[in-house]
Amino acid sequence: MAGTSAPGSKRRSEPPAPRPGPPPGTGHPPSKRARGFSAAAAPDPDDPFGAHGDFTADDLEELDTLASQALSQCPAAARDVSSDHKVHRLLDGMSKNPSGKNRETVPIKDNFELEVLQAQYKELKEKMKVMEEEVLIKNGEIKILRDSLHQTESVLEEQRRSHFLLEQEKTQALSDKEKEFSKKLQSLQSELQFKDAEMNELRTKLQTSERANKLAAPSVSHVSPRKNPSVVIKPEACSPQFGKTSFPTKESFSANMSLPHPCQTESGYKPLVGREDSKPHSLRGDSIKQEEAQKSFVDSWRQRSNTQGSILINLLLKQPLIPGSSLSLCHLLSSSSESPAGTPLQPPGFGSTLAGMSGLRTTGSYDGSFSLSALREAQNLAFTGLNLVARNECSRDGDPAEGGRRAFPLCQLPGAVHFLPLVQFFIGLHCQALQDLAAAKRSGAPGDSPTHSSCVSSGVETNPEDSVCILEGFSVTALSILQHLVCHSGAVVSLLLSGVGADSAAGEGNRSLVHRLSDGDMTSALRGVADDQGQHPLLKMLLHLLAFSSAATGHLQASVLTQCLKVLVKLAENTSCDFLPRFQCVFQVLPKCLSPETPLPSVLLAVELLSLLADHDQLAPQLCSHSEGCLLLLLYMYITSRPDRVALETQWLQLEQEVVWLLAKLGVQSPLPPVTGSNCQCNVEVVRALTVMLHRQWLTVRRAGGPPRTDQQRRTVRCLRDTVLLLHGLSQKDKLFMMHCVEVLHQFDQVMPGVSMLIRGLPDVTDCEEAALDDLCAAETDVEDPEVECG
């Protein structure tokens with residue numbers, strides 16, 4: 001339509017021109033504005049309006065009226081029809097002029113455009129309805145998802161709230177239990193402090209009354225209760241019962257003092273400076289004082305017998321740990337050097353041992369290795385170990401004794417490792433005190449020693465001997481604890497032989513102690529031990545203590561030596577053969593343990609340790625060092641001389657039997673040295689020692705009379721048979737066997753006929769034994785013939 005209307009519009013824009021036609025009086029309305037045409041222009045047949053194409057004002061007003069009525073009264077379709085009708089009427093009226101026919105085509109085109117627009121409108125309206133429906137669907141889905149999300153969030157929030165409440169309840173319950181246990185512990189501590197204060201008050205009254213008695217009756221000689229054997233200890237004062245207060249009376253307290261103090265069993269130890277004979281400072285008195293107070297602590301642990309570590313717990317909490325000693329694990333856990341002597345704050349069971357524990361302040365001044373904080377840390381670890389062992393399951397994975405020599409597998413019990421820092425602390429403290437004592441003896445001025453100066457500064461006058469004497473009790477207790485740990489915990493055995501420290505702080509401190517000990521004036525054995533950097537610090541200290549105790553004398557020193565050897569024996573017994581080379585450093589210390597001054601029980605333990613170490617092919621040849629310190633030579637000399645006059649005959653027989661079986665094991669495993677070494681004096685002494693042992697064993701069987709009936713008699717007969725086989729083996733391998741028998745020829749002549757008759761009369765005698773008897777009897781005749789010719 002735009003192309004159609006363009007010419008018309010172009011013509012309308014031209015200037016008007018006169019138009020030919022009929023005059024105005026012909027009936028057509030005159031044009032409102034005259035239009036003129038150019039002379040060259042011709043009428044356009046396509047123009048529907050012609051020269052009179054413009055609407056009049058009435059026409060425009062009528063169109064506006066129709067449009068407004070159509071918009072306000074009729075719907076879209078009716079509005080279109082009405083407007084079309086009005087337009088037709090208008091156009092019919094206008095068709096009376098000459099150009100009316102051309103104008104009739106305009107409404108048709110407009111109607112077509114209107115229909116197209118209406119179709120587009122309907123299509124867009126349908127699309128809009130579809131979009132609205134999709135929007136409604138999406139809104140519904142969004143609402144559903146939002147509701148589901150809210151519901152899930154509410155569920156999660158409820159679960160989170162319930163979990164938080166549950167955790168809060170658990171925390172509150174644990175806090176309540178902790179407060180309850182703390183109150184109980186404070187109550188027990190207060191009770192112990194109260195009892196301790198009462199004991200101190202009773203001591204003061206007792207001393208006052210004794211001084212008054214001395215002043216009132218100076219002519220009466222005072223007999224110390226400690227030296228009076230006629231005093232009888234009342235059992236009700238020494239053995240408290242559960243639920244009964246065991247507070248000692250004056251008589252029972254004096255009777256308890258008749259027990260000898262460990263420091264005064266040997267003349268080489270001096271009493272504490274300013275201490276009276278009647279002063280109740282013995283360890284036995286302290287144990288009687290605490291036994292009732294610590295019973296509840298012990299019973300609470302022993303009730304947990306349903307766990308795998310109950311056996312170890314019961315052994316550790318036994319009071320006392322060692323017969324003849326008054327100390328236990330409770331003393332090590334409650335020991336401290338903070339409180340001065342005689343105050344209510346003094347820890348339970350400390351009593352007279354405060355002077356010895358003053359070494360804490362002494363050695364702690366060096367590098368903090370034995371400070372009070374280190375002791376508290378070790379005690380806290382030990383308490384943790386008690387809890388872990390009490391509730392730990394017995395695991396046998398990775399057992400160092402697995403596939404080894406134990407009949408039953410060893411439990412791991414890794415919680416037992418937490419006891420090692422406490423044991424290491426007291427053993428290291430004892431080693432430090434021994435070093436101070438040695439330095440004081442070398443300098444000749446014991447008053448200048450660090451231990452002595454610290455004790456004087458702390459208000460307790462004592463000397464290094466007293467400190468060492470008191471610390472020996474704690475060291476023996478720590479060694480006993482270590483023995484139980486090694487016997488029942490595979491984790492402890494693995495840790496001690498692995499070279500890794502149990503506690504970093506304690507390990508570093510004790511490692512510095514080992515270096516101080518090795519840098520001083522020590523023996524070559526101690527220097528050899530300190531040079532091995534792959535050892536566990538506690539194992540190093542154990543070897544140092546073994547060397548110290550084997551060189552000293554005294555009852556407690558013998559106990560320390562025995563406990564050290566027991567720990568080493570159990571450690572070697574519970575480990576596998578692969579770990580036995582770790583014991584190579586023990587050969588440097590064992591010669592001191594076989595000296596004539598060593599008690600027989602310690603020598604017996606040393607032989608048992610050697611028998612265990614001989615199972616390894618690398619360690620067996622080291623029993624003979626081809627020098628004066630040869631272990632076999634020292635052992636032969638100890639057996640033949642029998643220096644321990646206190647030991648029983650049965651103990652000597654047991655030692656001889658263990659030595660015979662050790663030599664039999666060495667002879668089977670290595671037919672060459674050490675049993676028949678040609679360059680060592682032990683090659684000469686072995687014939688003499690075996691002959692002496694054969695004679696003694698034979699006399700024992702002869703005194704018993706008849707066939708063997710008891711286990712001990714059967715062991716003796718077994719030892720006789722093994723000794724005969726050993727002597728026969730030596731006679732076959734040693735060319736100088738005849739010369740070596742000359743010194744014990746009378747014993748050899750006396751014992752061989754009886755031994756031959758005894759062994760041949762046994763029902764299970766073997767051909768080897770009969771052949772050995774024949775050869776030895778023939779050798780006896782060969783030895784006698786030269787003497788007859790000389791005669």
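Each Cβ is built from the backbone N, Cα and C atoms, and glycine gets one as well.
Segment annotation: Swiss-Prot labels region 'Interaction with CINP' over residues 118-156 (candidates 118-156, 352-390, 508-546).
From the options 697-704, 721-728, 769-776, 777-784, the stretch Swiss-Prot describes as motif 'EEXXXDL motif' is 769-776. Mapped onto DSSP helix, strand and coil, the region 'Interaction with CINP' (118-156) counts 39 helix, 0 strand, 0 coil.
Per-class residue totals from DSSP over the motif 'EEXXXDL motif' (769-776), listed helix then strand then coil: 8 helix, 0 strand, 0 coil. If you take every residue in the coiled coil (108-217) and average the pLDDT, you get 89.
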